[in-house]
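Here is the structure we will look at, set down as structure tokens.
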Amino acid sequence: MATEVTKEFTQGLPKAELHLHIEGTLEPELKLKLAKRNGIDIGQETIEEVKETYNYNDLASFLAVYYPAMNVLQKEEDFYDLAMDYLRRAAKNNVRHVEIFFDPQAHTSRGIAFETVINGLYRATVDARALNIDARLIMCFLRDLSRESARKTLEESLQYKDKFIGVGLDSDEHNNPPMKFFNQFTEATKHGLHVTAHADIDQKNSIEHIRELLEVIGVERVDHGTNIVEDPDLVEFAAKKEIGFTSCPLSNSFVTPFMKGKEVLELLSKGVKVSIHSDDPAYFGGYVSDNYYAIADKYNLTKEQVVKLARNSFETSWISTEQKSIYIEELEKYAKEN
Ligand code: ADE
Ligand code: ZN
């Protein structure tokens, strides 16, 4: 039996996007345009040639394509254009609120100033108001770099503290447990920043990493993290504490053989606040509505389940209770009328 959910329904669904790497929205068109503008030879000249380089089947092979591409991002205007391109797409997906990840170390390590990155991105989040989107930034630490690099990055970022709302943790998880960054998470919390972190799919020690995040570091959300289903006690804990789990079906099906829809449905049924997002949409074949539709289609989701996933996205976002109620009311009205 086919799902009752249509592509149009997922597109118009009011939603919050909470797991979106801005560097992962760099579409081949913009990559080529920026390469030309900045006089950078990326080794490809057409969209087809760029797409031919998109060969990956796990996290490490994806990251090996992802980081070198960022070299086309040089000036404040480039970061602004990158974010505005994404935000225009988000508006078409009826994203009402977005919390955007950015990786300063991927840029400062190539000689681009922190200020260049954050000012370009921040200006786009301000201009997003004209698109009726409330956009915020989350600064991620690259977990495969040193603690000292993360410490320096956090220290430098604090002078721009009014321009981002939280910290995250991403990049290669292999042998890089969350506890490596315990001090940075503690320090960030002291400064009033929110805290989330990736627990990528099917990693060595996935469950231990999720346990560290929930029981020791005290994150508010886990990015991916569906391996938690392997530990019923942790699932119960996550449900009780209303921890958000940001799942990305299309990205999952690139870096593992599965979309992890079964795990998402299990978490949903156990009262965990799991939600659907797009991760690196320019690399994984779809924006957030495509991700909703992909999981709905493959796992035969009901409209009610899809609406619940969207509701969870608002409930676990870092906005005021009043603002959450406004968005949820909008969502309920949409669900009733469509
Ligand atoms: N950086 C960009 N996308 C990522 C992902 N899915 N996991 C870890 N690091 C990332
Ligand atoms: Zn991610």
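Note: Cβ is positioned from N, Cα and C throughout, glycine not excepted.
The following features are taken from TrEMBL:
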type	residues	note
BINDING	HIS19, HIS21, HIS198, ASP279	Zn(2+) binding site
BINDING	ASP280	substrate binding site
DOMAIN	14-333	domain 'Adenosine deaminase'
SITE	HIS224	site 'Important for catalytic activity'
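Shown here: features listed in TrEMBL, placed on the structure.
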residue : record                                  : Cβ within 10 Å
HIS19   : Zn(2+) binding site                     : 33
HIS21   : Zn(2+) binding site                     : 27
HIS198  : Zn(2+) binding site                     : 26
HIS224  : site 'Important for catalytic activity' : 29
ASP279  : Zn(2+) binding site                     : 29
ASP280  : substrate binding site                  : 23
HIS224 (site 'Important for catalytic activity') versus ASP279 (Zn(2+) binding site) - Cα distance in angstrom: 9
Near-site residues: Zn(2+), ref HIS19, HIS21, HIS198, ASP279, CB cutoff 8 A to centroid: LEU20, GLY24, PHE101, ASP170, ASP223, HIS224, THR246, CYS248, SER251, HIS277, ASP280
Listed binding-site residues HIS19, HIS21, HIS198, ASP280, filtered to Cα within 10 Å of HIS224 (site 'Important for catalytic activity'): HIS19, HIS198
Cα-Cα distance linking the residue listed as 'substrate binding site' and HIS21 (Zn(2+) binding site), given in Å to the nearest integer: 6
HIS19 (Zn(2+) binding site) to ASP280 (substrate binding site) - Cα separation in whole Å: 9
Rounded distance in angstrom between the Cα atoms of ASP280 (substrate binding site) and HIS198 (Zn(2+) binding site): 13
Where the C-beta lies under 6 angstroms from ligand 1, the matching recorded positions among HIS19, HIS198, HIS224, ASP280: HIS198, ASP280
Annotated recorded positions HIS224, ASP279, ASP280, filtered by Cβ under 6 Å to ligand 2: ASP279
Model confidence over the domain 'Adenosine deaminase' (14-333), averaged pLDDT: 98
